[in-house]
Amino acid sequence: MDPMMRLILAQGMLGLNNGVFYAMLSLGLAIIFGLLNVVNFAHGALYMTGAFVALILYSYFGIWIGMSWLHIGFWPALVLAPIIVGCFGMLMERYMLRWLYGLDPIYSLLLTFGVTLVLQGLFINFFNASGTPYPGQPESLRGVVNLGFMMFPKYRLFVIVFSIVVCLAVWFVIERTRIGAMLRAGTENPELVKAFGINVPLMITLTFGFGSGLAGLAGVLAAPIYSVSPLMGADLIIIIFAVVVIGGMGSIMGAVATGIALGLIEGVTKVFYAPAANTVIFFLMVVVLLVRPAGLFGRTR
Amino acid sequence: MTDIILETRDLQISFGGFLAVKNVNLKIARGTIHAIIGPNGAGKTTVFNLLTKFHAPTAGRILFNGTDITSWKPAEIANHGIVRSFQISAVFPHLTAMENVRLALQRRLGVSYHFWRSKKVLESLDQEAVARLDQVGLKDFAHLRAVELPYGRKRALEIATTLALEPELMLLDEPTQGMGTEDVGSVTDLIRKVSKGRTIIMVEHNLGVVSKLADTITVLNRGEVLAEGPYEVVSKNQAVMEAYMGVSAEEAEA
Amino acid sequence: GISNGVVKIGVLGDMSGVYSTGFSGPGAVAAVKMAVRDFGGKVLGKPIEVISADHQNKADVASSIARKWIDEDHVDMIADLTNSAVALAVQKLASDKHVITMTTGAATSALTGKACTKYGIHYGYDTHALPVGTATAIVKNGGKSWYFITADYAFGHALQNNTAQVVKALGGKVVGASDVPLGSNDFSSYLLQAQASGAQVIGLANAGQDTVNAIKQAHEFGIVQGGQQLAGMLVLISDVKSLGTNVAKGLQFTSAWYWNQDAASRKWMKEYEKFSNGAAPTFPHAADYSLTMAYLKAIKAAGTDNADAVRAELGKMKIDDFFAKGGQIRQDGLLVHDMYLLKVQQPKDGPWDVAKVVRTIPGKDAYFTLAKGGCPLVKS
Amino acid sequence: MSQTMEQTTAAAAAPLLHIRDLHAWYGESHILHGIDLELAEGQLITLLGRNGAGRTTTLRAIMGMVDRRTGSIQIRGQEFIAKPAHRIAPLGGIGYCPEERGIFASLTVGENLMLPPAVGEGGMSLEEIFEMFPNLREVRNRMGTRLSGGEQQMLALARILRTGARLLLLDEITEGLAPVIVKAMGTAIRKLKERGYTIVLVEQNFRFAAPLADRHYIIEHGTVIDRIEAAEVGASMDRLNHYLSV
Amino acid sequence: MNVTTHSEIAEFDALSGPAGQTRGRVLQAVFWVLLIGFVLLAPTMLYPVFVMQLLCFALFACAFNLLIGFTGLLSFGHAAFFGGAAYITGHALTAWGVPPIPGILLGAAFSAALGYVVGALAIRRQGIYFAMITLALAQIVYFFALQLPFTGGENGLQGIPRGHLFGLIDLNQTLNMYYFVAAVFLVGFLIIYRIIHSPFGQVLQAIRENEPRALSLGYNTDRYKLIAFVLSATLAGVAGSTKSIVFQFASLTDAHWQMSGEVILMTLLGGLGTIFGPVVGAFIVVALQQFLSAIGSWVQVVIGATFIACVLLFRRGVVGELARWLKVGSL
Ligand SMILES: Nc1ncnc2c1ncn2[C@@H]1O[C@H](COP(=O)(O)OP(=O)(O)OP(=O)(O)O)[C@@H](O)[C@H]1O
Ligand SMILES: Nc1ncnc2c1ncn2[C@@H]1O[C@H](COP(=O)(O)OP(=O)(O)OP(=O)(O)O)[C@@H](O)[C@H]1O
Ligand SMILES: [Mg+2]
Ligand SMILES: [Mg+2]
């Protein structure tokens, strides 16, 4: 194979790897935005929290409870961390955001920004600003797979497949189940859904929890790849915002597709002009804004 | 032949495939009050939005004094004498009544972009602003902020502000909506008073008001013109009775 | 005499970022405090005080702290200054205000080269000294073509340049480089670029967690198995520890000091571990201790904490302790002393015995000469 | 517990729905200016009036879908004025069919049908519903908005019948429907009445409403200006025409 | 169509009758005296560099407030103007030897141009999208600050010479520098005060309160918003330029999104849409950072918690709450 082609494919794989994270995060953001009209700035911080929960479960929890031999590993963390982060999200919705409904959505953006700072600050204090490696990567996912054009770590392959499955599952839940139907109906006409006797406030809380949980899940998946650091969500959230502006908040699938596509574009950009890779998304955003102000999949609200 | 101030030709707009206004042809005669009625969701407000360029029509043309204004911007329309009010009271809540009116007068001075000048230059307009307020009976409230005015007075303020632009053509969207009976009366009188020398297009549900004020009525239904004419004619129209009142032919005869 | 009746040493380091575990951080503060204790807590009858702050690896944060320390708190000497951008900024600012800085964590050779100042001292190692050991050994072993993965700021670029010089001088060549932001957590795409370049050696012109991440991910992507060699240009034993000796096997790196190099060092290591509740020191920590001692001795010898007098005394002193062998602070502010080429080994003497000394590099070979450095002060 | 007993006994005597001096606002617009009405179990009343008179708003105020409301709304003796919107339907056993039908565009017909949770015992089964509205059976998997107006209206009605609600608030269910479907709706409403449902019907189509209703309320400008029993309709035709005519 | 889009930022429901207006005037006078008194006397009581920092941030916050408080636009990318101008001024002074005042003007001109581009793009979308777009565009600026050769990347621009004012007054003297900064601040503050109280300011307020209505009165609202954006960006640039001279430093911190967040906090804390609020807010935040620096990275936690408290408990901010409490219209 032509070495250039090889490199493009290889960077594309890494881009896909990033893309599934973008997809999962913008998915959660879109779900929350759809129902609550809240742009959750803390989404990146929740992602980071998810990664830390995994790290704590593995490396610290045992010590805290005086059983230093205890390491709660990756698989349990994959379940526990989203639940913990989801619960945190629900508390946040229930005790903070709820007071801001009906006000300009800018306030909820600012509130979640504040939450972001607090979470970041706390984790910096307890774990310092640099990354801590996550040692709990499961044995079964160690090693590489030969893709023909590159050696690709098994774990990353797992992340790509798993995330796509999660996105599809979320899509399925939202598009094909009764709960999803309630959510969609609530997005369209919350008043009427309330009039049917559905506890919309509770539904909102649970949805927020679910969206947050997705961020937490992405965090756990990221932990073994990137070292776990308090700032890991900070730069990501801005990229996710750009993804959202490009894709529009229109559809669940739109969020996922845009996320993955942008990851790929970013990856391939690395081949040609690496320094621009971090910014190519923002340039794309400008172009999309000029051509389609409502975003690719957006409807104006 | 009457003098036509505003004309629409096959005006049409669709929202994501839904035709909210279809093939509407209006001819508004200068100096008249023209009412648009129709069931909720018939497209009345949307027609207003089209006329004042808050929406761009998907098809059709709008002519104002014979000029094609279809592609103009909202601000331009206003500057050429077409001014609208809104279905829900539209004032600047934290400005005083006087400042509200003054904002409409201010454009005349041509200083609106002057960010380096003191707003004292605007004081030359105060007298006229108060006079305008007087016209709608708000003189005594000139220094209250709009948010503190009762609902009916806010509508009056809105009309005063609109008038201050000396519009050739005024568009009023449900001017009496949400008012007590007394207020309805006074606003009706007010509209009659200010209609002298200008053209008014209004949307109104209150047929009492419409019958008292309107020279011509257009009935919209599902985005289409159902009937048009003076009150006496329209109110006898069979289609209108059915669509608007839901009274069927036999019943009307009965 | 002593200004304000107290000698104040400010430890301005990275207390929470990428360099807080190996180079700087609480470990550096501990080393300085231990030196003060060992000196007796007083100099010329006046108390010695140590204050510290976190510069967050931001040069602007560092300079405003330094400015305040000097203006308001009357700090006499600023130590540590890990992070080259920080060190360059603070050294200039402090010298303008006649305050001595003794940089140790930062590596760029510009500190005593173009950017040298009257009161700035660079103590421990620099980007010139590092590749002399490591790169020479690798090129001589056949690693002729290099690709750099470089931390994108003063330090990384200096290290890359200095290394490239060594490589070229020995007949090797540089085929490319990727600049990576400090504290990046994903090196995979840069590693792939490096792999695609076909270079024999991937030189890591970075430090701390960055180096660790890069090496780890290179293993993850099978790059080492693919036949390319990794060369960490600045590696601490704590990095080797966190990589594990399996991943780090065969790695050679240059260090200013190794705790197991002689009896004095082993003894100091024990003391330090006791003083800091079991934390093991890295070579910058040892340097922090050594420079504090040197500074206090200079005050004692000068009989004052006046910067000019102390600086002059420091230049005259022979620096020869467990850390610096045959050391001398030159006019440009550089401490010249012996360096060591280490090679990773399976631990023998306890968990921290992760390497052995392969070669001692005499100070005069490791560091540039006064003339070559380009320090404007040196002309006369 | 004795209190609940009292309430139940009281409810038997009192009307099922009893509204007194109901005011409602959208934002600052004061839309309802004191509505009074009542109806007993099994009765059907209509709210008549011109466009914009406030009939829809009356129903929305009952459902808690206005920005502010005052006065009293009692259902089976229980006060609802302060209840949050999502508690009203289950507590009162109410089914609400909104003016614009409220079919959710992003849901299929089946999902629309299954969306409202049960609010009481004895809701109709799907079988019964498809028997009543055979058209719906064929379009089950279509998206909600791809239905004809008539089908949408049937769906809107059908989905609240599924919930077991016994008090139905129906807003202009014949609006924009072909005569044949209007007829079908009429049959459906009659059947419901026979089954003992209590119904509030907002209608423009007096001909449709007249034969079904026990009583008519005329609303204008947010208040009830007249009330005509079914038996008096013939005698009051002039009055009615006056209220309703253009 | 929903036309009730006026933003609820700084929603005063306090009554301000004629009594309230006189009280308001008196109070404004008090604030003016306090402010000018503080600016003149501060260096005798406080560390001058600290006060200079305060003033730079106060000006930055006031410039930002012009946009959010008086136009209703939340920009989440104002650091781009602050930091961008700092770099330009720093470069002009260092590389071209430009004197301080032309240097600041250059920085401001750059910010104005940048503000025009960013503003023109961002006003294509409203509300929350506006915020996200400004944030993303600021990220591009950050990227350039990191990549362009003259900015010094992560090192920043160091050792910017303070130079001499009119070739005479040596700004390396702390007090000279101080009074120069004080003058820049006061001039900037006066300009903002004037803009707010100009015919243009009236239109801005109208747009903030009810944009469709302003449009129907014939105001080209997009144009006004854009001009306001450019003005705000320019003044933010002046603040950034001045800060770069004070600290002799231009760095990525100045252009980072966290800086955009901080300026929002200052403004919110002091009171959106108030005249003196941003100054008070800036003082509180800078002082907090200064005095809390002893507890290290807890600063961020405290700042974040302040943010939350502010949004939940006193959205009007310190000065806004004070105005409401004293029942005066605006301060
Ligand atoms: N921006 C929009 N996007 C999509 N649909 C719209 C939009 N604006 C109006 N519509 C739809 O167009 C139709 C006409 O609405 P319009 O507001 O013009 O009615 P109206 O006659 O003014 O009614 P009302 O008397 O209730 O004010 C409605 O079905 C409405 O839902
Ligand atoms: N969301 C709203 N905000 C403000 N005013 C409203 C709103 N909805 C309705 N209105 C106004 O309230 C008044 C009463 O409306 P309502 O919909 O109750 O009338 P209706 O009697 O049901 O007439 P229709 O035949 O049009 O359905 C009207 O003037 C209408 O414009
Ligand atoms: Mg309307
Ligand atoms: Mg209705």
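Here the Cβ of each residue, glycine as well, is placed from N, Cα and C on the backbone.
Note that the coordinates shown come from a computational prediction; the quantities given were computed from them, not determined experimentally.
Outside the transmembrane segment (E:29-50), and at least 6 residues removed from its termini, the chain residues within Cβ reach (under 8 Å) are 174-175, 177-178, 182, 185-186, 189, 246-247, 275-276, 279, 286, 290, 331. Residues annotated as transmembrane segment in TrEMBL: E:29-50 (among others).
The transmembrane segment annotation in TrEMBL covers E:57-81 (among others).
Per TrEMBL, transmembrane segment is recorded for E:101-121 (among others).
What TrEMBL lists as transmembrane segment is E:128-148 (among others). Residues 73-80, 83-84, 87, 114, 118, 121-122, 154, 252, 255-257, 260 of the same chain lie 6+ residues outside the transmembrane segment (E:128-148) yet bring a C-beta within less than 8 angstroms of a C-beta in it.
Listed by sequence, the residues of this chain that lie at least six past the ends of the transmembrane segment (E:177-196) yet keep a Cβ under 8 A from its Cβ atoms are 35-36, 39-40, 43, 48, 51-52, 55-56, 58-59, 62-63, 65-66, 70, 100, 104, 162, 165, 169, 171, 231, 235, 238-239, 242, 245-246, 275, 279. Annotation source TrEMBL lists transmembrane segment at E:177-196 (among others).
The transmembrane segment annotation in TrEMBL covers E:226-251 (among others).
Using a Cβ-Cβ cut-off under 8 Å and counting only residues 6 or more beyond its ends in the same chain, the transmembrane segment (E:263-288) has close neighbours at 9-10, 28, 31, 35, 50, 53-54, 57-58, 60-62, 64-65, 68-70, 74, 76, 78-79, 82, 189, 193, 196, 208, 236, 299, 302-303, 306-307, 310-311, 315-323, 330-331. The feature transmembrane segment is assigned by TrEMBL to E:263-288 (among others).
Note on the transmembrane segment (E:295-314): residues 262, 265, 268-269, 285, 288-289, 320-321 of its chain, located 6 or more positions outside it, place their CB under 8 angstroms from a CB of the stretch. Summarising the annotation, TrEMBL assigns transmembrane segment to E:295-314 (among others).
When Cβ-Cβ distances below 8 Å are used as the criterion, the transmembrane segment (E:57-81) is approached by residues 6-7, 9-10, 111, 114-115, 118, 122-123, 130-132, 134-139, 141-142, 184-185, 188-189, 192, 195-196, 201, 204-205, 207-209, 224-225, 228-229, 231-240, 242-243, 254-261, 263-264, 266-267, 270-274, 277-279, 281-283, 285-286 of the same chain, each at least six residues removed from its ends. Under 8 Å from some Cβ of the transmembrane segment (E:226-251) lie the Cβ atoms of residues 49, 52-53, 56-57, 59-60, 62-64, 66-67, 70-71, 73, 75, 78, 81-91, 93, 100, 103-104, 106-112, 114-116, 118-120, 122-123, 151, 156-163, 171, 177, 181, 184-185, 188, 191-192, 195, 200, 204, 263, all in the same chain and six or more residues away from its ends.
Within the same chain, residues 77, 80-81, 84-86, 88-89, 92-93, 133-134, 137-138, 141, 163, 165-166, 184, 225-226, 229-238, 240-242, 244-245 sit at least 6 positions outside the transmembrane segment (E:101-121) and bring their C-beta atoms closer than 8 Å to a C-beta of that stretch.
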